[in-house]
Each structure stands twice: as C-alpha cells, then as structure tokens.
Amino acid sequence: MNQRRSMMNSTQISYFTLAAYFDTGSLKYLYFMILTLLYVLILCANVLLIVIICMNRSLHEPMYLFLCSLFVNELYGSTGLFPFLLLQILSDIHTVSVPFCFLQIYCVYTYISVEFFNLAIMSYDRYLAICYPLQYNTQMTSNKVAMIIAATWIYNLLLVSVTISLSSSLQLCGNIINKVVCNNYSVVKLACSDTTVNNIYGLFVTAFSVFGPLILIFYTYVKILKVCFSGSKQTRQKAVSTCTPHLVSLLNFSFGICFELLQSRFDMISVPNVLRIFLALYIVTCQPLLNPVLYGLKMSQIRNICKGLFCCDV
C-alpha cells in the first residue's frame with residue numbers, strides 16, 4: 001500500500017529542492033560578485049588561449065590541439081554550472097525543475113569524463129614525443145589528432161546520455177537534494193524503484209571514464225620517467241617543461257573528484273557547510289581557471305604570443 005502511494009507520488013515530482021543553500025543575508029551580493037568575476041576570468045582566459053591556438057599556424061601541433069580541446073571543455077563545464085549558481089545565490093527559493101536538473105547533471109558529468117580523457121590523451125602525446133621522438137610525426141598526424149579529439153567527445157557524450165536516461169526513468173519518492181547543484185547519485189538515492197541497473201552502469205562508467213584514463217596516465221609517466229633517468233639533460237628538461245603543468249592539472253582535478261566522491265558516499269556533517277560547498281564546486285570553478293593559467297605561463301610558445309599581444313615595445 002505504502003509502495004503504491006510512493007509510486008503515485010513519484011509521478012507528481014516536477015522539481016527538486018537544493019537543501020545545501022543557507023541564508024547569507026546581504027553577503028549573497030558579495031558572493032554573487034565574486035562568482036561573476038571568477039566566471040568572467042574563466043571565459044576570458046580560456047577563449048583567449050583557444051583563439052591564440054586557432055589563429056597561429058605555428059601552434060597547429062598535436063600538443064596544442066589537445067590543449068585546445070581541454071580549454072573548450074573548461075568553457076563547457078563552467079558554463080553548465082555558473083549561470084545556474086549565480087541565479088541560485090540571488091534567489092530566496094532554491095529549487096530546480098527536473099528536466100533542468102538532469103541537464104545540469106549531464107553537463108557536469110560529461111565535463112568530468114571529457115577532462116579525464118583529455119588529460120590521458122595529453123599524457124600519451126607527451127609519452128610519444130619524449131620516448132619515440134623520431135616516430136612522433138608519423139604516429140600523431142593531423143587526421144589522427146582530429147579523430148582522437150572527436151572520439152573523446154562523442155564517446156563521453158553518449159556514455160553520460162545513457163546515465164541520464166537510466167536516472168530519468170526512475171520512480172522517485174522524494175525531491176530534496178542536499179547539494180547546491182544537481183548530482184546523479186543524490187537523485188538515484190531518492191528512487192523507490194530498483195536501482196540495480198543504475199548502480200552497475202555507474203560502476204562501469206567510473207571504471208572506463210576515471211580509472212581507465214588514470215591507468216593510461218600512470219603507464220605513460222612511468223615510461224617517461226625511465227627515459228628521463230637514462231636520457232640526456234636536454235631530454236629531462238623537455239620532459240619537465242611539458243609534463244609539469246599536466247601533472248599539476250591532473251593532481252588538482254583528481255583532488256576535486258576524490259572529495260566529491262567522498263562527500264556523496266559518506267556523511268560529511270562534521271565538515272563546515274561553507275567548506276563542503278566550496279569543495280563540491282572545486283572541480284568546475286578552480287580547474288577551468290587553473291588550466292589556462294598553468295599552460296599560458298608554462299608553455300613558452302603560448303607565453304611569448306601572449307606577451308606580444310599585451311606588451312608594447314618601447
């Protein structure tokens with residue numbers, strides 16, 4: 001009887017309530033300004049580097065084209081979140097329609113999976129360039145680079161589409177999500193129907209979208225380190241200059257993902273609310289700003305072009 005009533009009530013759910021927001025009074029305008037400034041900086045930094053790579057033929061190399069894909073993903077992920085966050089900060093009622101909630105989940109999850117794949121491809125590219133420099137140009141042709149980038153996006157867009165399809169078909173018996181943004185695991189926990197398929201597919205997606213790329217990255221770095229220790233000083237310098245920003249980016253992103261997984265699976269009530277919100281948003285706020293800064297400052301060709309744009313000769 002209760003199950004039947006729950007199933008009936010589930011059809012009436014048209015919105016979710018995001019319960020992690022709390023009253024900040026007039027400080028909400030300060031938070032709004034800070035996040036707006038952060039979003040503008042993310043847009044400007046990533047668009048600038050995308051334009052620089054696209055407009056300069058000298059940068060039409062595999063490494064920079066993979067970087068371009070990375071920067072496009074930063075724009076995609078931040079745009080899938082920031083406008084919504086800004087509206088919610090100014091709003092007194094923190095609700096989101098069911099279709100828009102699933103759209104947000106789709107954007108954030110595809111951003112995360114594409115990010116890992118981009119980082120894995122970039123590490124493989126550096127592995128070929130450092131370990132097999134003579135074969136690099138024949139291995140990484142323009143057509144192959146285009147195919148790799150296209151496959152990365154198409155594969156992950158389709159992969160997450162199945163996740164959303166499975167979650168949106170669930171019968172839900174509640175509409176309160178203890179987050180500031182929509183989260184697939186939180187939605188699945190509201191289900192009163194069987195979630196076995198969702199859980200199995202979720203493990204499959206995690207294995208192939210997170211651990212798969214991480215295994216490839218680990219393998220390539222082991223090989224690169226072997227070459228560095230046995231190679232010349234010039235080889236070591238090349239490895240350090242090209243791998244350092246990638247490694248920092250990977251560690252930063254992995255930290256954000258680890259905390260999000262811990263927060264979703266375990267009770268984090270002892271962690272201050274503000275800190276929980278900050279760390280929950282870390283991957284889609286800090287990563288999109290860190291990457292263009294890292295690569296813009298560390299990659300000499302990009303840095304020199306940026307200097308030429310902003311600095312005038314006296």
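Positions of Cβ are set from backbone N, Cα and C atoms, glycine also.
Quick look at what TrEMBL annotates:
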TRANSMEM  29-52  transmembrane segment
DOMAIN    45-295  domain 'G-protein coupled receptors family 1 profile'
TRANSMEM  64-90  transmembrane segment
TRANSMEM  102-124  transmembrane segment
TRANSMEM  145-166  transmembrane segment
TRANSMEM  200-222  transmembrane segment
TRANSMEM  243-262  transmembrane segment
TRANSMEM  274-297  transmembrane segment
(request) Quickly jot the same-chain residues contacting the transmembrane segment (145-166) by Cβ under 8 Å, restricted to those at least six beyond its ends, or write none. (result) 62, 65-66, 69, 102, 105-106, 109-110, 113-114, 117-118, 121, 184, 197-198, 201-202, 205, 208-209
(message) Using a cut-off of under 8 Å between C-beta atoms, tell me which stretch among 64-90, 102-124, 200-222 contacts the transmembrane segment (29-52) the most.
(response) 64-90
(request) Please figure out which one of 64-90, 102-124, 274-297 racks up the most CB pairs under 8 Å against the transmembrane segment (243-262). (result) 274-297
(request) State the residues, same chain only, that lie 6 or more residues beyond the ends of the transmembrane segment (64-90) and have a CB under 8 A from a CB inside it; answer 'none' if no residue qualifies. (result) 18, 21, 28-29, 31-32, 35-36, 38-39, 42-43, 46-47, 49-50, 53-54, 96, 100, 104, 107-108, 110-112, 114-115, 118-119, 121-122, 125, 145, 148-149, 152-153, 180-181, 281, 284-285, 287-288, 291-292, 295, 299, 301-302
